[in-house]
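K.L.:
Shown below is the structure under consideration.
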Amino acid sequence: MTEQKYIVALDQGTTSSRAVILDHDANIVSVSQREFTQIYPQAGWVEHDPLEIYATQSSTLVETLAKAGIRSDQIAAIGITNQRETTIVWNKETGKPVYNAIVWQCRRTADTCEKLKEAGLEEYIRENTGLVVDPYFSGTKIKWILDNVEGAREDAEAGKLLFGTVDTWLVWKMTQGRVHVTDYTNASRTMVFNINTLQWDEKLLKELDIPLSMMPEVKSSSEVYGETNIGGKGGTRIPIAGIAGDQQAALYGQMCVEQGQAKNTYGTGCFLLMNTGKEKVTSRNGLLTTLACGPRGEASYALEGAVFMGGASIQWLRDEMKLLADAKDSEYFATKVDSSNGVYVVPAFTGLGAPYWDAYARGTIVGLTRGCGSNHIIRATLESIAYQTRDVIDAMQADSGIKLSALRVDGGAVANNFLMQFQADVLDVAVHRPQVTEVTALGAAYLAGLAVGFWGGLDELAGKAVIDRSFEPHHDEIKRNQRYRGWKRAVKCAQSWAELHDEE
């Protein structure tokens, strides 16, 4: 009998590093997690220590193997998934970062973005990278490091510095500096990668004064990039065989590999991705065009929309409004009333994301009457997550011309049955909740396992993607449209607040 083999997924997130071990049936055998330091040098700036990212990630790998009693020679391959856009620049001779990692949330490069807009590059960037000009993405962060760290620009010109998103940094460290690589999904979040030619965009690199020599080689999301020796000296060499940015890994983990398949991750915010296959769809409705994974981990296209306030709006009910003791109680209180009684909550606390992109909108509660109680507000806040999701899905359908047949869901809020049912009702499509909700890690593991032949193909994996529950839509069409029109009116109120202020 052959000895059992496993796949390891390294899930490097914004607040913690995790390692997940899966067996051949795609069951999770062991998980280990370590949080790391969030650094806020000044308002709007967010950093991580790249060495701490690597230290926490490598220690979770060792811990999770020890916890499960699995030897390193039983690992068939390692897959990596990571927080996207976060930017690291290091010296390839010393292996030391020249500055902290600048995190995706960091807004310090807003001025550089304004200059790109003034230079008339907005349309070029949208057409060739699929993105909007925003400090969120890596390109302007690289420029900031080269412009502000002493000696960095000279070293970069001399070919001594390397750039990487978190996946690139981890692979470089795990292969002792032998491999400088990223995958298409992570490259597509830098704002300097051309998604038409699948090459670094030399015009944008020149505009931002970034030497091409710094940039990693870009490969598919499922192939052997290099090997790592996790047992130390004389230990086993294990192939690193899968890489994908966290949202694209979740899309793959949900088996959304064909045109028109979509998933929504309900976290602090919501991330919706729809696979558009080989067809690049340029959004006219405020969505991003990005790269995802095709059936074999090759580059395919996707539309992406982000909702800023998902689970965070429930935390607001708990922490600021004191209407809940525990976020999990929201379902119980929401079902204590038959409807939201005409109340709408628009949680635009930091403006509105896709498809509105309105930084000046503010949180609003409308439709209050004397009969409104706390349960109506709790229910309306949960409903707002579903309405915002519909806003993005409608934009995706308009851009792609593809009618959604079902929505696959993951993330913390999917445990809320009321929200999932209301989501199905609002969209008029079935909502599928998987049994294993660790879909980001699953995606990275699937990509690595397929690359080394651990799994035969997608057909074999599809049989392992068990749905825990499907929520079928119940509302009649008149009621659905009436409620959604009410939501649209409420959004207009949230957007009008700043306009009214300007008129004073």
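Using N, Cα and C of the backbone, Cβ positions are placed for all residues, glycine too.
Found this in Swiss-Prot, in case it helps:
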| type | residues | note |
| --- | --- | --- |
| BINDING | Thr14, Arg84, Glu85, Tyr136, Asp246 | sn-glycerol 3-phosphate binding site |
| BINDING | Thr14, Thr15, Ser16, Thr268, Gly311, Gln315, Gly412 | ATP binding site |
| BINDING | Thr14, Arg18, Thr268, Gly311, Gly412, Asn416 | ADP binding site |
| BINDING | Arg84, Glu85, Tyr136, Asp246, Gln247 | glycerol binding site |
K.L.:
With every protein chain in view, how many other Cβ atoms are within 10 Å of the Cβ of Thr14 (sn-glycerol 3-phosphate binding site)?
P.N.:
19
K.L.:
Distance between Gly311 (ATP binding site) and Asn416 (ADP binding site) at the Cα atoms, whole Å?
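P.N.:
So the alpha carbons of Gly311 (ATP binding site) and Asn416 (ADP binding site) sit roughly 11 Å from each other.
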K.L.:
By the DSSP assignment reduced to helix, strand and coil, which category contains Gly412 (ATP binding site)?
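P.N.:
DSSP assigns Gly412 (ATP binding site) to helix.
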K.L.:
In angstrom units, rounded to an integer, how far apart are the Cα atoms of Arg84 (sn-glycerol 3-phosphate binding site) and Thr268 (ATP binding site)?
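P.N.:
Cα-Cα, rounded: 16 Å.
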K.L.:
What other residues of this chain sit with their CB within 8 A of the center of the CB atoms of Thr14, Arg84, Glu85, Tyr136, Asp246, the recorded sn-glycerol 3-phosphate site?
P.N.:
Gln83, Thr86, Val103, Trp104, Arg189, Gly245
K.L.:
Drop a 10 Å sphere on every Cβ of the binding-site residues Gly311, Gly412 and tell me which sphere holds the fewest other Cβ atoms.
P.N.:
Gly412
K.L.:
List nothing but the largest Cα to Cα distance in Å, as a whole number, among the residues Thr14, Arg84, Glu85, Tyr136, Asp246 that the record says bind sn-glycerol 3-phosphate.
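P.N.:
Taking every pair of listed residues, the largest Cα separation comes to 15 Å.
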K.L.:
Work through the binding-site residues one by one (Glu85, Asp246, Gln247) and name whichever has its CA nearest to the CA of Arg18 (ADP binding site).
P.N.:
Asp246
K.L.:
Could you state the whole-number distance in Å separating the C-alpha atoms of Ser16 (ATP binding site) and Asp246 (sn-glycerol 3-phosphate binding site)?
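P.N.:
Between the alpha carbons of Ser16 (ATP binding site) and Asp246 (sn-glycerol 3-phosphate binding site) there are 13 Å.
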K.L.:
Select the most exposed residue of Gln247, Asn416, where exposure means the fewest other Cβ atoms within 10 Å, treating these as the binding-site residues.
P.N.:
Asn416
